[in-house]
Amino acid sequence: MLAFLNQVRKPTLDLPLEVRRKMWFKPFMQSYLVVFIGYLTMYLIRKNFNIAQNDMISTYGLSMTQLGMIGLGFSITYGVGKTLVSYYADGKNTKQFLPFMLILSAICMLGFSASMGSGSVSLFLMIAFYALSGFFQSTGGSCSYSTITKWTPRRKRGTFLGFWNISHNLGGAGAAGVALFGANYLFDGHVIGMFIFPSIIALIVGFIGLRYGSDSPESYGLGKAEELFGEEISEEDKETESTDMTKWQIFVEYVLKNKVIWLLCFANIFLYVVRIGIDQWSTVYAFQELKLSKAVAIQGFTLFEAGALVGTLLWGWLSDLANGRRGLVACIALALIIATLGVYQHASNEYIYLASLFALGFLVFGPQLLIGVAAVGFVPKKAIGAADGIKGTFAYLIGDSFAKLGLGMIADGTPVFGLTGWAGTFAALDIAAIGCICLMAIVAVMEERKIRREKKIQQLTVA
């Protein structure tokens, strides 16, 4: 029934390596664009809820608590699905899996739209459909990581994944325009258009995405990426390919028993406290504590996203220049984050505030990308989805939740771990950044050992 999700592996074509390498580019770009545009589109049917909240309050009389319940449903299913759905996707055609999940998510959001009548809503159906949409979207990032990793050489992996990572920045930035266009021009200003129009776009993108590309050059008979680009197959891939390990055995051995993956999981929790803490509370801090105008506060939020866009592109490339030392590069960025948080906290005018938020966006999204890239370097390709998913689960269920609720309570004056007020909030951000540095430093050491070991193996092979 779902045969189109199965992997396709064709015998390697009897052609010279140079010819197969030239044939690689077109199917790679098709596959890359599918996961890039597909993941971007997922944000169009995710962030539209944030944009529509004020209209949902005025049109249907929903309370902040009710809106919070709807959002919480998405966060829980998204966090849980990061591991469950990504585990299922491993061993499947992950390029096909992403547009298929996009289609299912779009259908759910159409159901979400239908639960809003002309003058009344069904809160239960809204929570159910939005939660289901989150569950289906949860594997988008993991499928993208898996697909891109199978197509690209290790020495360029950070660059390709870094460029893909801007898809969510572009999707988040474009969500407002798409939602408002749907409401104002197609539904006479009614809030329901903010959900129906993006969902239709997502359906179209999803069905087109199913037609192009695949999850690996092996699907076209081109051989593995390592063979095409003259790289040694990783130790983890050699081990899983030379044995008849089941998917569960691979998951247990290379994910659950993998010390590096657990280090990255906890590092990701700390990083999400920093990232979401800044993202969630920057406008409130600027207005309440720094006494800046609401317009300047919003400008700072926008510059944080702009800095993230630039940083996402640059940090992956820098880690490639460092020969794949993702942990080391992440530690440098995290140290700079701590210094910049001090400037941001004590900003004496709007220009320092705006500059510090741009710098924080630039710096924070470096480690976020590099934690994911580091994870795929320590697992076989058959476990990339689950490895990326499990760190996402921890980040959303613990880091994201603490950043939104815990930091909010601290800023509001409620003591949490002895911290209170805005000074306590920034202390929590500093502690989280330091915790992330400590864990990433350990990862950097283990990464260095792995790089040197693989270099020695390659030298022996050449000799």
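Each Cβ is built from the backbone N, Cα and C atoms, and glycine gets one as well.
As written in Swiss-Prot, here are the features:
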TOPO_DOM  1-24  topological domain 'Cytoplasmic'
TRANSMEM  25-45  transmembrane segment
TOPO_DOM  46-60  topological domain 'Periplasmic'
TRANSMEM  61-81  transmembrane segment
TOPO_DOM  82-96  topological domain 'Cytoplasmic'
TRANSMEM  97-117  transmembrane segment
TRANSMEM  121-141  transmembrane segment
TOPO_DOM  142-159  topological domain 'Cytoplasmic'
TRANSMEM  160-180  transmembrane segment
TOPO_DOM  181-189  topological domain 'Periplasmic'
TRANSMEM  190-210  transmembrane segment
TOPO_DOM  211-259  topological domain 'Cytoplasmic'
TRANSMEM  260-280  transmembrane segment
TOPO_DOM  281-297  topological domain 'Periplasmic'
TRANSMEM  298-318  transmembrane segment
TOPO_DOM  319-326  topological domain 'Cytoplasmic'
TRANSMEM  327-347  transmembrane segment
TOPO_DOM  348-357  topological domain 'Periplasmic'
TRANSMEM  358-378  transmembrane segment
TOPO_DOM  379-391  topological domain 'Cytoplasmic'
TRANSMEM  392-411  transmembrane segment
TOPO_DOM  412-425  topological domain 'Periplasmic'
TRANSMEM  426-446  transmembrane segment
TOPO_DOM  447-463  topological domain 'Cytoplasmic'
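The transmembrane segment (327-347) shares the most Cβ pairs under 8 Å with 426-446, out of the stretches 160-180, 298-318, 426-446. Listed stretches 61-81, 121-141, 160-180, 426-446 were compared with the transmembrane segment (260-280); the greatest number of C-beta pairs under 8 angstroms is found for 426-446.
Highest Cβ pair count under 8 Å relative to the transmembrane segment (61-81), across stretches 25-45, 97-117, 160-180, 190-210, 392-411: 392-411. Summarising model confidence by region, the topological domain 'Periplasmic' (348-357) averages a pLDDT of 92. Listed as Cβ neighbours of the topological domain 'Cytoplasmic' (379-391) (distance under 8 Å, sequence separation of 6 or more from its ends, same chain) are residues 82-87, 89-91, 94, 138-139, 141-143, 145-146, 149-150, 234, 236-237, 239-241, 247, 250-251, 254-255, 258, 261, 264-265, 268, 371-372. No contact links the transmembrane segment (25-45) to the transmembrane segment (392-411), because fewer than 3 Cβ pairs that are 6 or more residues apart lie under 8 A.
Helix, strand and coil counts under DSSP for the topological domain 'Periplasmic' (181-189) come to 6 helix, 0 strand, 3 coil. Between the transmembrane segment (190-210) and the stretches 97-117, 160-180, 392-411, it is 97-117 that has the most C-beta pairs under 8 angstroms.
If one looks beyond the topological domain 'Periplasmic' (46-60) by at least 6 residues along the same chain, the residues whose Cβ comes under 8 Å of a Cβ in the stretch are 67, 70-71, 74, 116, 119-121, 130, 133-134, 137, 171-172, 175-176, 178-180, 183, 190-191, 194-195, 198. Sorting each residue of the topological domain 'Cytoplasmic' (211-259) by its DSSP state yields 26 helix, 0 strand, 23 coil. Within its own chain, the topological domain 'Cytoplasmic' (82-96) has Cβ neighbours under 8 Å at 4-8, 31, 34-35, 135-136, 138-139, 142-144, 146-147, 150, 210, 213-215, 219, 247, 250-251, 382-386, 388-390, 392-393, 396, counting only residues six or more beyond its boundaries.
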